[in-house]
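Asks: Below is a structure I'd like to ask you about.
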2 protein chains.
Amino acid sequence: MPITLDGSNLTIVAVIAAIAAIAVAMSLVFRGEVLKAAEGTANMQRIALAVQEGAAAFLGRQFRTLGVFAVVAFVLLFLLPVHGEANELLLKVARSLAFLVGAGFSALIGYMGMWLAVRANVRVAAAARDAGREPAMRIALRTGASVGMATVGLGLFGAAVVVLLFRGDAPTVLEGFGFGAAMLAMFMRVGGGIFTKAADVGADLVGKVEQGIPEDDPRNAATIADNVGDNVGDCAGMAADLFESYAVMLVASLILGRAAFGEAGLVFPLIVPAIGVVTALIGVYLTRPRAGENGLRTINRSFYLSGIISAVLCAVAAYAYLPGDAAALGTSAEFNGLVDDPRLLAIGSVVIGIVLAMVILSLTGYYTGTEDRPVRDVGRTSLTGAATVILAGISLGLESAVYTALVIAAAVLGAFALGGGGVVGLFAIALAGCGLLTTVGVIVAMDTFGPVSDNAQGIAEMSGDVDGEAAQILTELDAVGNTTKAITKGIAIATAVLAATALFGSFTDAIATELGDGYSRFVEASVVYAPTTLVGIVIGAAVVFLFSGLAINAVGRAAGAVVYEVRRQFREIPGIMEGTGKPEYGKVVDIVTRDSLRELATPGLLAIFAPVAVGFGLGAPALAGYLAGAIACGTLMAVFLANSGGAWDNAKKLVEDGNHGGKGSLAHEATVIGDTVGDPFKDTAGPAINPLIKVMNLVAVLIAPAVVGLSTLGSDSPLRFVIAGIATAIVVVAVVVSSRRGSTMEDGAPGPGPTTGNVSDPAETEPVRER
Amino acid sequence: MPITLDGSNLTIVAVIAAIAAIAVAMSLVFRGEVLKAAEGTANMQRIALAVQEGAAAFLGRQFRTLGVFAVVAFVLLFLLPVHGEANELLLKVARSLAFLVGAGFSALIGYMGMWLAVRANVRVAAAARDAGREPAMRIALRTGASVGMATVGLGLFGAAVVVLLFRGDAPTVLEGFGFGAAMLAMFMRVGGGIFTKAADVGADLVGKVEQGIPEDDPRNAATIADNVGDNVGDCAGMAADLFESYAVMLVASLILGRAAFGEAGLVFPLIVPAIGVVTALIGVYLTRPRAGENGLRTINRSFYLSGIISAVLCAVAAYAYLPGDAAALGTSAEFNGLVDDPRLLAIGSVVIGIVLAMVILSLTGYYTGTEDRPVRDVGRTSLTGAATVILAGISLGLESAVYTALVIAAAVLGAFALGGGGVVGLFAIALAGCGLLTTVGVIVAMDTFGPVSDNAQGIAEMSGDVDGEAAQILTELDAVGNTTKAITKGIAIATAVLAATALFGSFTDAIATELGDGYSRFVEASVVYAPTTLVGIVIGAAVVFLFSGLAINAVGRAAGAVVYEVRRQFREIPGIMEGTGKPEYGKVVDIVTRDSLRELATPGLLAIFAPVAVGFGLGAPALAGYLAGAIACGTLMAVFLANSGGAWDNAKKLVEDGNHGGKGSLAHEATVIGDTVGDPFKDTAGPAINPLIKVMNLVAVLIAPAVVGLSTLGSDSPLRFVIAGIATAIVVVAVVVSSRRGSTMEDGAPGPGPTTGNVSDPAETEPVRER
């Protein structure tokens with residue numbers, strides 16, 4: 001039998017590409033280059049081991065905590081109605097199981113990212129010490145590549161297998177898969193984000209600010225926790241987040257694809273990421289550090305290269321697989337946009353997504369890089385003190401958020417214009433998202449580079465075994481890592497927005513299916529100027545504010561606990577400052593672990609139950625407004641937080657590089673304050689908004705049939721209000737419990753408070769400074 | 001002829017109430033109690049004179065600058081199509097003239113507020129010195145009352161006269177009136193806001209932070225500018241803002257009232273504020289400071305009292321004037337909400353507005369007052385440094401914004417539920433706004449109290465002629481003023497949101513009138529999930545971010561110029577620090593005046609031309625989305641900025657009152673940084689968002705016929721894109737020009753820069769601090 005380019009065969013190709021990606025990730029090629037490398041001195045290995053143990057312990061405890069949430073979500077999911085071609089019970093079971101698989105994959109990819117990063121860090125440090133710059137950089141790059149390939153592999157594998165098994169019902173089952181992936185990623189982002197920044201801020205406050213000892217100084221009891229945080233937050237969190245974007249984007253594309261392109265719409269969205277796997281592989285292989293070349297340039301080259309290759313291959317695939325005539329698709333979808341050839345539509349949309357990734361890369365680079373005007377301006381304000389640094393960073397963040405949001409909006413509008421109104425336009429938006437996602441492999445690789453090189457420097461510094469040129473190399477890699485982390489944040493946000501917009505389309509598609517002829521009433525009630533919808537928009541935007549506020553506050557509180565513990569150790573363990581006493585690193589790791597897991601519940605519950613409360617309480621149009629408000633405000637807030645934070649971080653670097661007085665000057669102190677404020681902005685609240693908006697959209701998609709069933713715009717069932725009441729109560733209780741904990745460091749501070757302490761409380765023991 | 005309760009007579013009653021309010025404002029009762037009071041020592045009078053001159057000079061120059069804008073707006077307004085019963089040309093002329101009158105009234109009320117405040121301040125100081133607490137407080141209260149009465153009087157007068165003259169066409173003409181008032185108020189808010197905070201931040205940075213001299217120290221060249229700023233920003237700006245809210249709310253109510261209630265709908269919205277005039281008068285007379293009573297309590301009592309009286313009188317008016325049966329109104333509007341009796345609807349809506357004002361009063365008080373947990377928590381974080389103070393304040397602001405937004409949303413939903421879908425529900429929302437506005441007299445009085453008592457303390461401090469108990473009294477009044485300022489901000493935001501929501505209703509009403517049978521196409525295109533609408537929401541929210549960022553950045557830049565000038569004076573004028581040399585105060589006033597007027601253009605142009613660009617470029621549905629996004633995000637951002645700023649201000653006060661180490665401790669320094677960051681938040685960007693969202697909604701209402709005429713959802717005229725292109729170009733050029741000025745203090749610094757300076761540059765001359 002000759003092999004033809006039909007749907008099943010291509011889906012199998014996608015599965016194969018996925019498995020290949022995973023195999024590559026696991027293969028000796030990559031792991032060999034990472035794990036076989038030398039591990040450095042005994043000192044370095046001891047430190048690395050402590051970081052490994054701390055990270056594994058945190059993730060382990062986090063998964064146990066999340067297990068409870070997963071079980072509850074599993075049950076609730078089972079209760080929600082489902083419609084499809086197959087048996088309803090079967091679909092429910094399949095959707096709930098897919099939820100578990102999605103959550104499991106998300107956890108797995110996060111764990112793997114962490115596992116590899118905590119092993120690569122010491123090897124990078126050792127390579128820098130013993131073998132030089134290129135080998136060190138190669139290990140960091142290969143580690144990133146391995147996590148990146150695994151991310152795309154698992155995402156594609158899950159989606160493609162579901163399509164193979166369920167065909168027309170695949171979208172329904174994939175809703176469960178996406179929800180599991182998104183929910184777990186959100187929790188990992190929030191928990192890991194709080195962990196990493198509580199440890200970082202706490203370590204800095206006592207170490208740099210109070211005691212005047214450098215970063216990663218072994219005398220600081222919080223240093224191990226700080227390094228653990230890099231891995232569980234930046235690394236595990238980001239990997240899970242991007243995996244989830246990948247999965248959710250595919251879910252939305254397949255739901256809309258089926259409606260717009262029929263059978264072909266269930267296959268083409270799988271081909272695009274399969275191509276992404278191939279190009280990521282090429283990109284990664286081509287990423288060889290050249291002697292004397294800036295590390296960032298190496299990474300950027302691989303990014304641009306794989307983007308261009310992806311675009312070309314997608315064009316080839318569209319011409320090979322899609323018909324040139326919309327009528328041949330066999331759907332009733334109308335092609336009333338700029339193009340009516342499905343192939344051109346597909347190519348145009350994918351290219352829009354790829355171009356979007358490139359534009360955001362340079363936009364974010366401009367606003368957070370040390371070479372360009374914005375960060376230099378922020379750096380200059382350090383001459384007039386911390387307040388002006390903060391103000392300059394905030395206004396930079398606010399403004400840059402606008403440009404990024406406009407670029408994303410332009411991409412959405414562009415794709416929509418290609419496809420025209422209705423489901424074809426929405427599918428075009430989803431395909432643009434898929435185009436953006438062809439870069440995920442490289443993005444994850446770039447991002448993982450960050451914590452690995454950051455940790456490598458930390459281990460080198462703590463061990464005291466690395467100096468001279470090797471230390472220089474590690475500092476340079478660390479700086480490159482900072483910029484790649486900022487850039488990947490920009491792209492992760494764009495991915496999230498496109499995924500959420502496409503999911504939003506799926507939501508209204510679900511409502512339309514449910515309402516049938518009654519849909520026109522929903523349309524009339526959902527106009528943006530209807531007060532109920534407008535209130536929905538306000539509430540959706542408000543949830544983004546609340547979520548950000550809660551996350552920032554949580555970091556403040558947990559960091560306070562770290563401060564008290566480190567102060568206590570300085571006070572009670574003799575000889576720490578002289579280097580004769582050894583701090584209890586594990587204690588700090590335990591405290592941060594406990595606190596960040598405790599803080600994780602409120603934002604998580606908010607994300608899941610706020611849309612439930614709005615949907616059942618105020619109805620489907622208000623829920624639509626809610627999603628719109630959350631997407632709009634979430635986009636802006638996420639970029640604002642990420643770019644302000646990134647700019648402060650690099651403004652500090654500028655000063656440390658000798659500008660405006662250099663290290664130790666008042667200007668430096670001002671930028672350290674800016675950087676500390678930016679920490680929870682850029683690494684806790686900001687990135688957690690990505691999964692937030694996707695989780696909320698997925699919840700809306702999942703509850704859409706129930707919302708419509710109970711409140712078909714008029715015939716209100718009392719059950720509707722019972723559900724809304726319970727959801728509201730959960731949100732209110734969670735928020736109240738969280739806010740009763742008080743702001744920064746009142747409870748949860750195990751050591752004696754500042755007023756009873758006998759050492760090192762600045763307000764009491766330092767003399768009032770004279771000017 | 002017996003006098004009946006018909007529309008004309010009642011409108012005349014409203015005119016009479018308005019004139020009475022103005023007369024009372026001007027009357028000897030108030031001005032007598034203010035201007036007849038003693039003016040204190042020669043020293044105090046000299047300082048007061050300098051403040052008076054500076055404030056008058058700034059406002060004079062500002063009005064000249066704004067004259068250009070007014071002429072341009074006048075012409076553009078004339079070009080926009082208009083529809084009505086009367087002759088089109090006549091209506092156009094009337095609308096354009098009304099624009100000028102509205103702008104003139106707005107300027108007048110701002111000028112008057114400033115004029116009175118700069119004369120009251122020295123008298124309050126003198127009274128505290130020579131006559132004691134009660135007389136001092138009475139002068140401050142009476143000054144506020146006078147401005148408050150003038151505000152409501154002028155607003156009501158303008159609206160009522162237009163209704164008398166134009167009857168059915170009144171709404172059209174009032175659009176011009178409202179736009180004039182709003183545009184001028186926005187510019188005064190932005191210009192005054194930049195002035196006041198540039199002077200304040202600049203004075204603090206050099207004075208408190210660098211030189212370690214106290215606030216209002218006469219050795220600081222920026223102190224006069226700082227005191228001028230209180231008057232032109234807090235006082236003139238707030239009075240114009242609330243006047244404009246008043247005018248715009250009436251505009252929206254009358255537009256919607258005519259559609260919902262017919263003739264009666266053109267009258268009842270005038271009766272409610274007329275009642276507000278009466279109750280404000282009663283409230284003000286009852287506000288007599290009792291011996292030993294906290295000043296805030298005195299003011300709150302008058303607020304609650306006038307709210308309750310208003311509610312009762314409105315109920316009486318509704319029963320006396322409105323019919324009990326909707327059919328008797330003679331309109332086709334459907335009453336399908338909770339009540340179908342127009343009287344109950346009117347009473348219910350007004351009460352919702354009044355209750356909203358009270359809830360916001362206590363909510364804002366809770367989040368920004370020193371008595372309650374939130375500010376105490378922020379104060380406590382000062383023990384771990386400036387970074388935690390900033391983080392705690394930001395998360396407090398983000399969270400409190402959510403609660404305020406939800407309360408406002410609940411009021412909107414409540415009023416809408418009373419009235420049901422369609423225009424009746426929208427009119428109910430507008431009436432709730434009118435209810436809220438019955439408190440404006442008292443609100444303006446409370447707000448004016450702030451800068452007057454702030455200035456009184458400043459003058460006392462600078463003159464050196466007030467000490468002991470008198471100084472204590474002034475400090476207490478200043479603290480009360482801080483809280484009243486924060487509370488009035490909350491209410492001003494609520495007013496703005498309700499006014500904007502009602503205007504949003506007027507906008508869609510205008511579109512409906514214009515499209516006739518084609519309206520259903522607009523409805524279909526305006527669903528919140530249509531990508532174009534969603535993009536509109538994103539852009540609307542983005543403009544709020546951009547506007548805030550620009551305003552904050554402008555303050556930073558202008559403050560930088562102040563810092564350089566004050567440093568220069570310390571350096572070049574011998575003997576300033578010893579008190580033998582006299583700083584050139586006028587120079588700093590000139591610099592701040594020049595810079596704040598230069599900075600004012602960009603945010604102003606953005607507010608006016610961004611909706612034009614969206615409306616003509618993307619069409620009416622996107623413009624509707626734009627307005628929704630701006631309202632939702634604007635509400636949250638305005639409250640966030642106001643409450644964060646207020647909390648930091650009071651956290652500093654807490655520390656200064658002896659907590660956490662008191663004045664001069666590191667904790668104090670941390671809260672000073674927080675307060676400085678909060679300055680442009682709470683007094684520049686935050687309050688300017690109120691007029692922003694109203695201006696944008698008014699622009700939308702005004703351009704609605706043209707937008708629909710040129711782009712009736714399909715038949716696109718090329719002119720449409722020409723207009724959109726020009727508007728976009730204006731916005732882009734304005735933003736680029738502004739951002740090319742660079743961040744804080746690069747250009748515009750007339751003195752030698754920090755690297756060439758030879759004294760007092762902290763980064764160069766202060767030793768690196770040892771810990």
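From the backbone N, Cα and C atoms, a Cβ is placed for every residue, glycine too.
Quick paste from TrEMBL:
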TRANSMEM  A:66-84  transmembrane segment
TRANSMEM  A:96-118  transmembrane segment
TRANSMEM  A:139-166  transmembrane segment
TRANSMEM  A:172-190  transmembrane segment
TRANSMEM  A:243-261  transmembrane segment
TRANSMEM  A:267-287  transmembrane segment
TRANSMEM  A:303-324  transmembrane segment
TRANSMEM  A:389-417  transmembrane segment
SITE      A:Lys485  site 'Determinant of potassium independence'
TRANSMEM  A:490-507  transmembrane segment
TRANSMEM  A:527-547  transmembrane segment
TRANSMEM  A:624-643  transmembrane segment
TRANSMEM  A:719-737  transmembrane segment
REGION    A:742-771  region 'Disordered'
Asks: Which residues of the same chain, at least 6 positions away in sequence, have a Cβ lying under 8 Å from the Cβ of A:Lys485 (site 'Determinant of potassium independence')?
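Replies: Residues satisfying the criterion: A:Asp234, A:Asp447, A:Gly450, A:Pro451, A:Gly646.
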Asks: Which one, A:139-166, A:243-261, A:267-287, A:527-547, has the most C-beta pairs under 8 Å toward the transmembrane segment (A:172-190)?
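Replies: Looking at each of A:139-166, A:243-261, A:267-287, A:527-547 in turn, the most contacts to the transmembrane segment (A:172-190) are made by A:243-261.
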Asks: Test of understanding: applying the rule of at least three C-beta pairs under 8 Å (pairs 6 or more apart in sequence), is the transmembrane segment (A:719-737) touching the transmembrane segment (A:96-118)?
Replies: no
Asks: Could you give the residue numbers and ranges of same-chain residues that sit at least 6 residues beyond the transmembrane segment (A:303-324) on either side and whose C-beta is under 8 angstroms from one of its C-beta atoms?
Replies: 5, 10, 261, 264, 267-268, 271-272, 275-276, 278-280, 282-283, 286, 341-343, 346-347, 350-351, 354, 357-358, 361, 435, 438-439, 441-443, 446
Asks: Near the transmembrane segment (A:624-643), which same-chain residues lie under 8 Å Cβ to Cβ, leaving out any that are not at least 6 residues past its ends?
Replies: 364, 367-368, 396-398, 400-402, 404-405, 408, 486, 489-490, 493, 496-497, 500-501, 504, 507-508, 511, 526, 528, 532-545, 548, 610-611, 614-615, 681-682, 685-687, 689-690, 692-693, 696-697, 700
Asks: Could you give the residue numbers and ranges of same-chain residues that sit at least 6 residues beyond the transmembrane segment (A:490-507) on either side and whose C-beta is under 8 angstroms from one of its C-beta atoms?
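Replies: Contacts with the transmembrane segment (A:490-507): 171, 238, 241-242, 245, 248-249, 251-253, 255-256, 353, 356-357, 360-361, 363-364, 404, 408, 411-412, 423, 426, 429-430, 432-433, 436-437, 439-440, 443, 623-624, 627-628, 630-631, 634-635, 638-639, 642-643, 687, 689-691, 693-694, 697-698, 700-701, 704.
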Asks: May I ask for the residues of the chain that lie six or more residues beyond the transmembrane segment (A:719-737) and have a Cβ under 8 Å from a Cβ within it?
Replies: 546, 550, 601-602, 605-606, 609-610, 612-613, 615-618, 707, 710-711
